[in-house]
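Taken straight from Swiss-Prot:
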- 15, 17, 86, 87: Ca(2+) 1 binding site (BINDING)
- 39, 40, 42, 44: Ca(2+) 2 binding site (BINDING)
- 374, 379, 554, 677: Fe cation binding site (BINDING)
- 2-125: domain 'PLAT' (DOMAIN)
- 126-677: domain 'Lipoxygenase' (DOMAIN)
């Protein structure tokens, strides 16, 4: 006979408790005990409860290997319960044979209906560390089960592959939004839709009467940053600053030679550059920068309210004056092929010509941001990381424990996006000039160009030559966060991988990397994505990239959407007239006629309001309430990571006090651990 204390912790979320009966059996090196019911007087397993149970085992099972948890309905059905599956969220189990000698079994899973969970003691183990056949068999069975539950599908040819579920109703509770998060998202969507519907804006297919009328819509859920955008959107300095610190801060690059198809001359830009210099001198000095939206050339366009929509493929040349002067646009060409019907617009042109040219650039920024930077890089690729993690890494694996907080809710939000945003006839088709067809074109085109280095911030900054451009807060804050993540990951890797050989010998890790390469990057070797990792250094870089992409990168390109776009002329989602082919034609009336119709603008506002802020149940970067790591060494690393993020946040907030428009999107407490909205 053997006696032990079993302590059980139930989650605090709404619906986490259960009326079902829970039993456990203990698996050890000498065998497995019979199922032992966990019950006492009163109700067990209420939400938020931690409960102790004294159990007696008929035999000694030897060294404990696993805990088998069994849940079944009560023998006597309770009123109103017989028609539903009673789910239970278990946080952890603890076994104590002697006082002070407890074994901890992390769980942090939902168990729906009648079923069974197998839990291992919390110490993380790489596959080559498991020598007992029972543990080896458990790892394999766990992965086989998850690979059946979470399978791949091709949603659109040429896109990264994704989860093979049609709707969020099909998802199991372990990858689904919490009840609170779901309710808040629904309330947000419903309130936004109702307000705009009552105002009649969703049914108006015509033009806005004036910018002043747009201003009245702008009163919808204002923010301080959005107010700043409204006040400064026409200014050249603000236009340029958005390439650095707006929602698409990843395109600008230093220009050392002008493209052949962008024939800017000294005469054109002399009024901006001033005396005593030239284009060639500024190119050699490194003070010119280029933003090229050429990927949009010839892209599919949409039809809205029965009218064809239009897109441009502009190139924008910007100049950084010496000293502390602002970055300014000095030339814009709206199409890729130069010619008499493709003028180069200049700041010295008529006010409305120049404003219209800048607005076409902003429309192109919107398309590339939403389709490529946001949807592809910050949603579809993180979904690949999430799905491969669930399919190839068992829960006891140190990299599963490290990554699971960073894939929370990603499969839910992406499944919801395929239902409500990118499906034919949904929000993207209702509000944007490219529609789902154009978005699909852009994603396919970028997938053919996408390189591993683009996903690694330090390499991307170097490749674009923007290491020293002043006022680039996305770079400054992002590099600090990248460094903090890399230091944290390096410590975790050093704990579990003593050598490069140990990385090479981890077959679960290698299967994970191969699956990301084959399913996410479609086996394209030119992407530079690894299909195997053979050193600790390569592993640290790869995991840092994954965590940064799922957290900071997503925050940088997602959190500011409402701020930047709610004043629609700053980032119009469509253009109703073609790009101008000559100068001197733009007027206030033609500017308004080019902008989106009222209903398209309004549907766009609904999408922005939904996608810009987390609807509750948030977990900021480095906040890990689910304690998957139980050993002292990784817990110390987590604490050090959290302290570093606090220091970074203090520095960002101190800097922001001196800025007219604070850059907050990479302040660590405002970064979500995962792609969850």
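Positions of Cβ are set from backbone N, Cα and C atoms, glycine also.
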Cβ-based neighbourhood (8 Å from the centroid) of the Ca(2+) 2 site, residues 39, 40, 42, 44 excluded: 38, 41, 43, 51, 53
Taking 8 Å from the centroid of the Cβ atoms of 374, 379, 554, 677 as the cut-off, which other residues in that chain fall inside it around the Fe cation site? 375, 378, 382, 413, 557, 558, 611, 675
Excluding 15, 17, 86, 87, please set out which residues of the same chain place their CB within 8 Å of the center of the CB atoms of the Ca(2+) 1 site, keeping sequence order. 16, 18, 19, 88, 89
Neighbouring CB atoms within 10 angstroms of the CB of residue 86 (Ca(2+) 1 binding site), all protein chains considered, total 19
I'd like to know which of the binding-site residues 379, 554 has the most other Cβ atoms within 10 Å of its Cβ. 554
Consider the binding-site residues 39, 40, 374, 379 and say which one has the Cα lying nearest the Cα of residue 87 (Ca(2+) 1 binding site). 39
Measuring CB to CB from residue 39 (Ca(2+) 2 binding site), give everything in the same chain under 8 Å that is also at least six residues away in sequence. 21, 53
Provide, as an integer number of angstrom, the distance between the C-alpha atoms of residue 379 (Fe cation binding site) and residue 15 (Ca(2+) 1 binding site). 28
Among 40, 374, the binding-site residues in question, whose Cβ has the most other Cβ atoms within 10 Å in this structure? 374
Mind telling me which of the binding-site residues 15, 42 has the densest Cβ neighbourhood, counting other Cβ atoms within 10 Å? 15
